[in-house]
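K.L.:
Structure in structure tokens, see below.
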Amino acid sequence: MAYRGGGGHAKPPSTPLSSVNPGSFSTCTTHSHNICMVSDFFYPNMGGVESHIYQLSQCLIQRGHKVIIVTHAYGDRKGIRYLTNGLKVYYLPLKVMYNQSTATTLFHSLPLLRYIFVRERVTIVHSHSSFSSMAHDALFHAKTMGLHTVFTDHSLFGFADVSSVLTNKLLTVSLCDTNHIICVSYTSKENTVLRAALNPEIVSVIPNAVDPTDFTPDPFRRHDSITIVVISRLVYRKGTDLLCGIIPELCQKYQNLNFIIGGEGPKRIILEEVRERYQLHDRVRLLGALEHKDVRDVLVQGHIFLNTSLTEAFCMAIVEAASCGLQVVSTKVGGIPEVLPESLIVLCEPSVKSLCEGLEKAIFQLKSGTLPTPENIHSVVKTFYTWRNVAQRTEKVYELVLKEDVLPMDKRLNRLISHCGSVTGHIFALLAVLNYMFLIFLRWITPDSIIDVAIDATGPRGAWTHHCPPSEKRDENKKVSKTR
Amino acid sequence: MEDERVFSDICGGRLALQCRSYSPYCREFCVSCPRLSLRSLTAVTCSVWLAAYGLFALCEVAPGEGTPRPGARGRDGGVSAGTAFCVDLRGGGGFQFGAQPGQPVTEQNPVLKCKKGWRCSSLYRPWVQATQGVSLQSLVTRLIFLQQKVIYYLCILLKDPLEPHNVSQVVPVFQSAKPRLDCLIHVYKSCQEVLAHQKATSTRP
């Protein structure tokens, strides 16, 4: 799991992330924490980050921690809502700027976030996604308030273009004084360490997971002809252009080959053009946007799952497909080679030619009957990535973080100036000072003592949760360790 | 039996809760808070006079005019000062609708009479009182964002006489006083006691 520096042993790409030993994080935890997850991306928006935050929060609640989520309002969904098991979600009335990310001035969210952190007695602020400005704002304010901070990066980013340079600079500023950073794969860790100029010792790798009970195989629902399933957003980053090249070539070569494509996006028009031009209406089905509950029903109709992503930190879609018993063919980009063992995935270069070869190889294996049965694939995959395991590992990171000191203001300013360059460092040091003065002003206007302490829905004194006693929890820890 | 307790509102101001118990079925809750404090009066007066001074300064250096016409400066100053005086006086009067500075004014008098339902009275001035009689289903606390704060609200759920099991309306109480959670919990528990007593007597053969 976590790369703890020192030895500097890099993981071989073929070994799945799930099989890595937790190393120094082997001790069982009994302390409960008050955790605040912050991100612009949460339900009702759908995606990997949203799912990760929800599932991780649920597992942490089950392990006896108090968890709240802070995100921005989505349409009419504003205010405070309770989800399953008393998971409290604050939908803050902040304006969305671009792509579900809120506009930031670095200061305007301080009053509300400070009020929430104080009333919920938050001890750890855990922000998610480098594209979320609210996550960075929360980190900035939490550090000003002297709270412990953890950040999870879910994506890969470039280095060359102007936008990347600027974004990476902001990431450097945001993460230079953050206590701990979590990445979802070793490739993602390498990317984040380089982008934000971080010490690798404070970056851990904890992969995503799937709920194996949601993704079970059903061979009786498979079509008679060979069916290739593609489920992804139809955008450039997901390699929809490659898919447009693959479809006519393989349909011409194999008469009993069909495609089922789930997902929506701006590149759908290109797929429709291809279908029109080659008259493939009866062989290529475009399902449009799918709800998460419908994904399994689509997956089990196919034999092969195709992923054409051009960049991916950790591809949950291929784990879900493998859990449904499909043979996976995927591009060899980002963290994908780390996700599944070689026996369950055919890796290809991100080109039409290579992907066609990979698919032909999978079709040949399917016809010759050399592929493992869907049940066998499922039974192997279901032990790889579980949310309980992810929660347990994240809990160890929290334990580690709480042992560290939060940087006092003078050291924080020194860190910003020495780590982020003289110009950027001085600018953000000034902003940190202004933020601190704003905090003092807010404390004068509304002292912490007159802020009502929230009634806990989760955690040790939670009104909703009935978490297991410590002895039972220890037994669970043992069970989880055995599954690794 | 009368019981008075002191709590605070969400800004830390003093707030008194009077609880009168007439019978096991009837309790009255009255939240009193000073409507006008010296601090707010000073702040409002200062800001009005600063705005008037700003207006006067702007009129004095109007663009495109070299030297002000004779008497113009005095006239502009007089208008600004007069406006500020009127605003201040009018605002002060508005504040003092029902009380002198520092004196408590009853904002709301929700009275629980279980046999007749819930009566919510709002006392705007000593001589004006609006009363709403409703059928009570239950009480709930809600969490809302108020400006840059997250506060608890006590709400009563109203019963629809045609469909007694459905909630027809949610009415927030103590809206202007904004008491803190400990005060709301006290009211909530007292109301639940009355409701429980009513339920017990109604189910008794």
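For all residues, glycine too, the Cβ spot is worked out from N, Cα and C.
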K.L.:
Which residue range, A:1-20, A:21-40, is the one TrEMBL calls region 'Disordered'?
P.N.:
A:1-20
K.L.:
How do the residues of the domain 'PIGA GPI anchor biosynthesis' (A:72-161) split into helix, strand and coil according to DSSP?
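P.N.:
Residue counts in helix, strand and coil order: 25 helix, 30 strand, 35 coil.
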K.L.:
Could you give the mean pLDDT over the domain 'PIGA GPI anchor biosynthesis' (A:72-161), rounded to a whole number?
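P.N.:
A mean pLDDT of 92 is what the predicted model shows over the domain 'PIGA GPI anchor biosynthesis' (A:72-161).
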K.L.:
For the domain 'Glycosyl transferase family 1' (A:221-362), DSSP counts of helix, strand and coil?
P.N.:
62 helix, 30 strand, 50 coil
